[in-house]
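Reading through the structure tokens given below for one structure.
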Amino acid sequence: MARTSVAHFDAASPDLVGFTLENYARFFGEPFYLMILARTLVVALSCTAICLVLGVPAAFVISRVESRALKTVLILATIIPLLMGNAVRAAGWMVLLADKGLINSALLSAGLIAEPVRILYTGSAVVIGLIAVLLPFMVISLESVFENIGTAYEEAAQTMGAPPWTAFFRVTLPLAMPGIFSGCLLCFVLAMNAYATPVLIGGPSFQMMAPKVFEQAIKVYNWPFAATIALVLMAVTLVLSVASSLALQKRYGVL
């Protein structure tokens with residue numbers, strides 16, 4: 001892929017010839033592609049943050065359920081969305097978020113809005129769709145972490161006079177940080193490379209990096225520029241992942 005990214009693009013020939021940096025100059029020289037990269041980063045970070053806020057309490061509650069049968073049911077309910085393909089899941093969100101979809105119809109019927117609110121084909125719709133994909137990964141990752149930590153440390157802190165919330169935030173949560181980081185990293189990487197959800201829910205007006213790679217490779221047949229976009233996406237994802245990993249290691253002494 002690196003070799004392809006520095007090849008000269010010739011629409012009349014599929015051969016990868018020559019050596020040029022014009023593909024990188026085009027990517028970093030055109031505000032349009034930098035905007036797509038920034039948008040992808042914002043969406044990925046937003047999805048990761050929201051999944052963390054929603055996933056931590058959900059995983060903690062599941063891990064503290066004493067009934068093995070109930071815990072199994074809750075875990076199965078969490079992973080059921082993963083049994084559907086991304087395209088099928090995105091199609092379901094399209095039905096919900098469309099101008100005449102279920103959400104707008106309910107709001108109109110309740111008199112809360114006078115006309116349909118545009119949700120589909122916006123950044124908010126993409127974030128909602130990606131959260132539905134990523135949240136199960138966060139919950140499953142953290143549930144096992146909280147279960148392995150157990151309740152002994154919390155009980156010891158509460159025995160010494162710490163309120164339950166203080167025990168959670170000062171004792172349990174720091175112990176769970178390596179697992180929280182793993183869940184966040186997984187969500188971030190998946191969001192950065194998301195394809196089906198941005199294409200179907202975001203539409204042509206809300207473009208992200210992975211769909212742009214597909215467009216350049218399959219529709220335009222510009223494989224060198226597609227490889228350039230893919231390498232930039234991979235490099236940004238890798239750099240941010242390594243940087244956050246080093247920060248976690250420095251703070252908690254673990255990777």
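Every residue, even glycine, has its Cβ placed from backbone N, Cα and C.
If you check TrEMBL, you get these features:
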TRANSMEM  32-61  transmembrane segment
DOMAIN    37-244  domain 'ABC transmembrane type-1'
TRANSMEM  73-98  transmembrane segment
TRANSMEM  118-140  transmembrane segment
TRANSMEM  180-201  transmembrane segment
TRANSMEM  221-248  transmembrane segment
Worksheet item: When you scan the chain for residues with a C-beta under 8 Å from the transmembrane segment (118-140), skipping those not six or more beyond its ends, what do you find?
Response: 39, 43, 46-48, 50-52, 54-55, 58-59, 62, 75, 78-79, 81-82, 86, 89-90, 93-94, 97-99, 101, 103-104, 183-184, 186-187, 190-191, 194, 197-198, 200-203, 205-206, 208
Fill in: Same-chain residues at least 6 beyond the ends of the transmembrane segment (73-98) whose Cβ lies under 8 Å from its Cβ atoms
58, 62, 65, 104, 119-120, 125, 128-129, 132-133, 136-137, 139-140, 143, 195-197, 200-201
Worksheet item: Short question: which residues 6 or more past the ends of the transmembrane segment (180-201) have a Cβ under 8 Å from it?
Response: 40-41, 43-45, 47-48, 51-52, 55-56, 85-87, 89-91, 93-94, 97, 120-121, 125-126, 128-130, 133-134, 137-138, 141-142, 145, 173, 207-211, 214, 233, 236-237, 240-241, 244-245, 248
